[in-house]
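Shown next, in structure tokens, is the structure this report addresses.
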Amino acid sequence: MSLQQKIKAYLKLGKLGVVSLLDLAAVAGAFLAYKHGISLLPIIPMFIGGTLASMGAMIINSGIEIDRDKVMSRTSKRPTVVGYVNRKEAIIVGSLLAILGTALGFIDNILTAFFIALGVVIYIFVYTILLKPRTWLNIVIGGFAGSAAAWAGYTSLTNSLTLEGFLLGFLIFMWTPGHFWSLALKYREDYVNAHYPMLPAVVGITTSARAIAISNALMIPIVLLLGYYINLIALIAFSILSLFLMFLSYRLILNPTKEEAIKSFIFSNIYLMLILLIMIIVKLI
């Protein structure tokens, strides 16, 4: 296997799509903390470090889950499953990236490095190893891994975590269950076959659709409170986006199918991305 092919395999294992959203959360956290006269340079080591650590965590996750990934159609083509990267190699390379990413966080401050490391620890040890194979609460508690990215971004400029910074991380925590349950509903049979107790594999489609709607509804007050802290423009934009999210959640309850679930999943991605982009834009204008 050539070096180019090996790098391509690791980039696939690193889940750049997921990591890019975590990066956006981190940058949004930094801009949320931004005040006139504060240097934006600390964003650079935080961004690079967070990216490397997040990719490292994803690679370790793929190394740990090879056996179950083999029986899931969604993951059966991963480089770890087809043999391009073995378990030991994935864990070693992922660990090195996570350590390097955390080390870069120290360029800013100890708190930023702590939150970068915290995201890795929660994703690997709490979510992947402890909770995912054992309880439907796996993604609920595991959502704090995404929160850590936002907190790393916020603390990179402030070396402290205030209420508004906490709210951004808590927003991501609240967003995570409904988002991933929508995906799990689409691939319910995969999780059943792999013996993962993801909520849709445990309670069925109809109850899962209701749980997704409830989870999204519980998130919205946090979104609106954050919008209130930012400014009126953000609050109005967040309200409009949240109304459409709940419309899709309502449609999923009325028609709990895989097709509606994937629509909910796709828009929840767009929803969070737009929330984070709006936060950045209103700080720039």
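Each Cβ is built from the backbone N, Cα and C atoms, and glycine gets one as well.
Per Swiss-Prot, the features are as follows:
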type	residues	note
TRANSMEM	13-33	transmembrane segment
TRANSMEM	40-60	transmembrane segment
TRANSMEM	89-109	transmembrane segment
TRANSMEM	110-130	transmembrane segment
TRANSMEM	137-157	transmembrane segment
TRANSMEM	165-185	transmembrane segment
TRANSMEM	194-214	transmembrane segment
TRANSMEM	230-252	transmembrane segment
TRANSMEM	265-285	transmembrane segment
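Beyond its flanks by at least six residues, the transmembrane segment (165-185) meets 25, 28-29, 32-33, 139-140, 142-144, 146-151, 154-155, 158, 191, 198-201, 205, 208-209, 211-213, 215-216, 218-219, 222-223, 225-226, 229, 249, 252, 256, 258, 261-262, 264-265, 268-269, 271-272, 275, 279 of its own chain at Cβ-Cβ distances under 8 Å. Outside the transmembrane segment (40-60) by six or more residues, the chain places 10, 13-16, 18-19, 22-23, 26-27, 30, 34, 90-91, 93-105, 107-108, 112-113, 116-117, 119-120, 123-124, 128, 145, 149, 152-153, 156-157 with a CB less than 8 A from a CB of the stretch. Packing against the transmembrane segment (194-214) from elsewhere in the chain are residues 68-69, 71-72, 132-136, 138-139, 177-178, 180-182, 184-185, 188, 246, 249-250, 252-253, 256-257, 260-261, 264: each is 6 or more residues past its ends and has a CB under 8 Å from a CB in it. Within the same chain, residues 40, 42-43, 46-47, 50-51, 54-56, 58-59, 62, 78-80, 85, 90, 119, 146, 149-158, 162, 164-165, 168-169, 172, 230, 269, 272-273, 276-277, 279-280, 283-284 sit at least 6 positions outside the transmembrane segment (13-33) and bring their C-beta atoms closer than 8 Å to a C-beta of that stretch.
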